[in-house]
Amino acid sequence: MLRSNAITQGIQRSPNRAMLRAVGFDDNDFNKPIIGIANGHSTITPCNMGLMDLANRAESALKEAGAMPQTFGTITVSDGISMGTEGMKYSLVSREVIADSIETACNAQSMDGVLAIGGCDKNMPGAMLSMARMNIPSIFVYGGTIKPGKLDGCDLTVVSSFEAVGQLASGKIDKDRLIAVEKNAIPGPGSCGGMFTANTMSAAIETMGFSLPFSSTMAAVDDEKAESAAESAQVLVNAVKNNIRPLDLLTKEAFENAISVIMAVGGSTNSVLHLLAIARTAGVDLTIDDFERIRQTVPVICDLKPSGKYVTVDLHKAGGIPQVMKLLLDAGMLHGECKTIEGKTIKEVLRDIPSKPKENQDVIRQISNPIYKKGHLAILKGNLASEGSVAKISGVKTPVLTGPARVFESEEECLTAILDNKVKAGDVVVVRYEGPVGGPGMREMLSPTSAIVGQGLGEKVALITDGRFSGGSYGLVVGHVAPEAAVGGTIGLVEEGDSITVDANKLLIQLNVEERELARRKQKWEKPKPRYKTGILGKYSRLVSSSSQGATTDQI
C-alpha cells in the first residue's frame, strides 16, 4: 500500500484531493505514487545554478514512469562565497536545515519517495540525513562538477584563487596575476572541481548505492548529467514498487565501502564528519576509529586536486568511481554484496568494469602503484584530542612537526597574522573556539591554509583547530579536534609558545605540558558566554553534538 493513500483515499480525504486537483492531479492520478523532488536550485552559487534543468528532466521522467511528482525547494549556502567570513558559521548548520526541510516536506505530504537534487557541499549529507530519518525510497541526483578554469595552459579551481591571496602576500605574484586567476578560476555551473567536499560526498553516495553509477563525476554542463536525472527518476519509481528503502542500503559494510573509496580518491576531511552523522542517524555503529582502521589498508590511487594534479572531470574520463571501486573490489577492499537503489549488488554493478585502469592516463593508478600506500585521512589522538581529530596528510612528505604554539581565538586573527608574515616555519598554529558549539558551526579554515600554502609554508607549518577544513585544504592540517575548546577541551588550555607535537606516523597530537600545569589551567578556565543566544546559530549551539559524533542536532 502506498504511503500517500493517507491523503488520497476515502471519502474523508475529499478536501485533500481538492487541493491536489489544484496542483494538477486528476481522477487517474490518485492511485499513483507521489514522489517528492527536493530541488536545491539557487543562483547564489555556481554549484547549484544548473539544478532547475535537472529537476525539470526528473519531473518529466517521473510522470512517464507512472508517478506524480511534487517539487519543493530546499536551501543551500555557498561555502566558497561565505569562506573567511561570519557567514561561514551557517555552512554546517545548513546541513541540518536541508535535512529538516526535506523530512518536513516529505512526511507532511505523505510522499512515497524522494528524489533529491543538490550541488554544494552540505546538500549531499543533508539529503542523506533526511533519507535515513524518513526511510522511504530515495535517490540522489548530483548537480555535477564544474569544468576546470584555464590560465596559461594550467587548470584552475577555486582553491587556486585562495592560494593566490597567500602568493600575493608573500610577493610571489602581483595583483594583476591575482585578478587573472580570479577571473578564470570558475568558468560556469558546477561544484568545485577538485576532490573537494562536494565531489567527495557525491562519490560516497554513489558508492553506497544512492545514486547511479558514473553520475557522481559527470560535469554539470554535459548532456549526460541531465540524462542521468531522468534515469534516476525511473530507478526511483522501481524502488518504490519494490519497496527498496534507505536503511536496507545503509549497513556498516556500505559505510566501510564509502570510507575505502574516499581514501582511494584522496577525499575531504569533511567526509568523516558527514558519514559519522549519517551513520548515527541510520543507527549504524560507525566510529571515528573505523576511518583509521580502513586507512591502514586502503591506498590513495587517484592523483586529484587539491594536493594532486587532476580534477574530477579527468577522473570521469578515466573511468569514474566505478573504476576505482572495481580495483578496490578485486583487491578485497570493498564489500561486494552491499545493495544499491537499483536492487543490484555492488558486485553486479561492477561486473563489466575493467579490472585494470585505462591505458594512457595516470589519474587512476593500480593498487600496486599508489600515490600513497595508506589513506590520507589520519585519526590523531592524544591529550590535545582525547575524542580524536582528523589530519589530512596528502601532499606532505613528512607529516611530523613539533613546534611552538601560535594561538588564535578566531580564523580572522589567524589569517591576519599569516598575511602579515608573522607565522614562521616550524610554528604550530592553533585556531580555537571555532567548533560546533563554540563557533558556532565549525567554520572551514580554507583561507588560512591556502595562505600558508601560498607562502610556501605548507610543509613547514601545522595548523590545528576545533573547526573544520575545506575539501580544498591540504598540508599538515588537523581539524575536528574534540573535545572542542568551548566545552572545556584541552585545546582551550593551550598558551602561546607551548610545545605541540603533531605526528601522523604515530597518530599523535600532544600538548607537551605537564599534567600538573594542565590541571592548574583547567581550574582557572571559564566557559565562555555563547556568541549567539538567539536565532538559528543560538539554537544550533545548544543542540549540536561533538564533532566526534558527527555534529548532529536531532538526537537529544
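In case you wondered, yes, glycine gets a Cβ from its N, Cα and C as well.
DSSP assigns Ser470 (active site, proton acceptor) to coil, not to a helix or a strand. For Ser470 (active site, proton acceptor), the same-chain residues lying six or more positions away in sequence with a CB closer than 8 A to its CB are Asp79, Met83, Val159, Phe196, Thr197, Ser268, Asn270, Glu444, Met445, Leu446, Thr449. What Swiss-Prot records for Ser470 is active site, proton acceptor.
Look at Swiss-Prot and you will find Cys47, Cys120, Cys192 tagged as [2Fe-2S] cluster binding site. The local packing around Cys120 ([2Fe-2S] cluster binding site), expressed as other Cβ atoms within 10 Å of its Cβ over all shown chains, amounts to 28. In the three-state DSSP scheme, Cys120 ([2Fe-2S] cluster binding site) falls into the coil class.
Secondary structure at Glu444 (Mg(2+) binding site), taken from DSSP and collapsed to helix, strand or coil, is strand. The Cβ neighbour count for Glu444 (Mg(2+) binding site), using a 10 Å radius over every protein chain in view, is 32. Taken from Swiss-Prot, the feature Mg(2+) binding site applies to Asp79, Asp121, Lys122, Glu444, supported by sequence analysis.
Taken from Swiss-Prot, the feature N6-carboxylysine applies to Lys122, supported by sequence analysis. Listed in sequence order, Thr76, Val77, Asp79, Ser91, Leu92, Ser94, Arg95, Ile98 are the same-chain residues at least 6 apart in sequence whose CB falls under 8 Å from the CB of Lys122 (Mg(2+) binding site).
With respect to their backbone Cα atoms, Cys47 ([2Fe-2S] cluster binding site) and Asp121 (Mg(2+) binding site) stand 9 Å from each other. Working note on the binding-site residues Cys47, Cys192: by count of other C-beta atoms within 10 Å of each C-beta, Cys192 ranks first. Proximity of Asp121 (Mg(2+) binding site) to non-local residues of its own chain (separation of 6 or more, Cβ distance below 8 Å) is seen for Cys47, Asp79, Ser91, Ser191, Phe196, Thr197, Ala198, Met201, Asn270, Gly471, given in sequence order. Neighbouring residues of the recorded Mg(2+) site, listed in sequence order and excluding Asp79, Asp121, Lys122, Glu444, comprise Val77, Ser91, Leu92, Ser94, Cys120, Thr197, Ala198, Asn270, Ser470, Gly471 (Cβ within 8 Å of the Cβ centroid). Highlighted in sequence order, Thr45, Pro46, Asn48, Ser78, Asp79, Gly80, Gly119, Asp121, Ile146, Gly190, Ser191, Ala198 have their Cβ within 8 Å of the centre of the Cβ atoms of Cys47, Cys120, Cys192, the residues recorded for [2Fe-2S] cluster, and are not part of that set. According to DSSP, Cys192 ([2Fe-2S] cluster binding site) is assigned to coil rather than to any helix or strand. Counting every protein chain shown, the number of other Cβ atoms lying within 10 Å of the Cβ of Asp79 (Mg(2+) binding site) is 31. In the three-state DSSP reading, Cys47 ([2Fe-2S] cluster binding site) counts as coil.
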